[in-house]
Amino acid sequence: MSFIFILLIFVIFTITSKSTPINDFAPINIELMKYSRSSNINFTEHPKLSALPRQNIQLDNNENLDSMYIGKIQINKQVFKMFFDTESSELWVPSPECKTKICNSLKKITGPFKDLKKQTTVTYGSGDVKMKFATVDINIAGFTAKDQTFGRAIKVFDNNRNLPFDGILGLGPESLSFEKRPTLVSTLVKQGLLKNPQFSFYLTDSNDKPSLFTIGGVDKTKFKGKIHFSPVIDKVGRWFIELGGVSINGKKTSTVGADGAVIQTSSSRISVPAANAKSFYKMIPKATEISDGVYAIPCDSKVKVSVKLSGQTWDINPKDFVLQSIPNRPNFCLGAIHGKQKLRYWIFGSVFMKNVYTVYQIGKNQSIGFAKLV
């Protein structure tokens, strides 16, 4: 289900010229360019069922709005812009066989690669992507994953939208991938190219403090204190952990019917069961449901949301909860929580993530950790 009135920001990264020696475990920064685009595209996936240093990928935000994150990978001599998505696990780029209109503006892979003679269809919020699988060496930020499985998309979303990226780089658990094949990050770890089986996000509102994606560990300059981890609960096959509770301005709100929480970059809001959203907005004066699960609140609302995860309470800055203004409704803005029918867990997107330092642990001990920002 696509969101209404959501302004998403897309950012593209380019590698900085300075590299880090192989025995130096300090982060390497990779800068990103930015641009904004108004869209109701929803890329949340609904599945049918001696190391190198860590890398820092620098992210920009624009006008204090929430984001989707796009970076570059290299396949052979081609560079592709990829949406970094923690909610899906496939890596795909368009094939010359793709005839859907949306592919006309996308870069297409030309080879060489090894065809696996297998294919599948992945369903995203914006439609289906049909792909044929192959293996090839893929480079990201100077790291090369040998014989990485990827999809050559022959159908990409049957609609007329223009995409600001060529393909999707899935950062979700391997359990979501085709035949549970290793994701790009998993391959880098298994081939001994990353010191730690982790990737991390540091998201900010300000370009004076650029956001960072760190691969292969954490950036200790961006958080303080201990990282508090929660094990991933294998109920929905995603980055799913226990939800300890939610409060608004110090008062608990209902999470009845919610089995846990998903932490993901592919969402700009916080999506919750419809009944939970209704209970939540009853605690905000003048809040009104203006569409299915979408609520308007006074733009001057001071809403302090606190979330209990990993045994700790994490606060969301009130300014992050009040989103953009609503046309034809003076002094009213969108609230960051969106109610969805049949949803049985809370999905915390960048509205939450930019208030914490977030660490994803892959491999046998899958977990998500949070720390306080510096």
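Cβ atoms here come from the backbone N, Cα and C positions, even for glycine.
Annotation comment: TrEMBL describes Cys98-Cys103, Cys299-Cys333 as disulfide bond. If you look up TrEMBL, you'll see 69-371 marked as domain 'Peptidase A1'. Residues or ranges marked as signal peptide in TrEMBL: 1-19.
Recorded features from TrEMBL, shown on the structure.
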residue : record         : DSSP class
Cys98   : disulfide bond : coil
Cys103  : disulfide bond : helix
Cys299  : disulfide bond : coil
Cys333  : disulfide bond : strand
One finds that other Cβ atoms within 10 Å of the Cβ of Cys333 (disulfide bond) number exactly 20
Taking the Cβ of Cys299 (disulfide bond) as the reference point, list residues of the same chain whose Cβ is under 8 angstroms away and which are at least six residues distant in sequence. Val322, Ser325, Asn331, Phe332, Cys333
Would you mind giving the whole-number mean pLDDT across the domain 'Peptidase A1' (69-371)? 92
Filtered by Cβ under 8 Å and at least 6 apart in sequence, the residues in the chain of Cys98 (disulfide bond) near it are Leu106, Lys108, Ala153, Ile154, Lys155, Val156
What is the total of other Cβ atoms whose distance to the Cβ of Cys103 (disulfide bond) is within 10 Å? 21
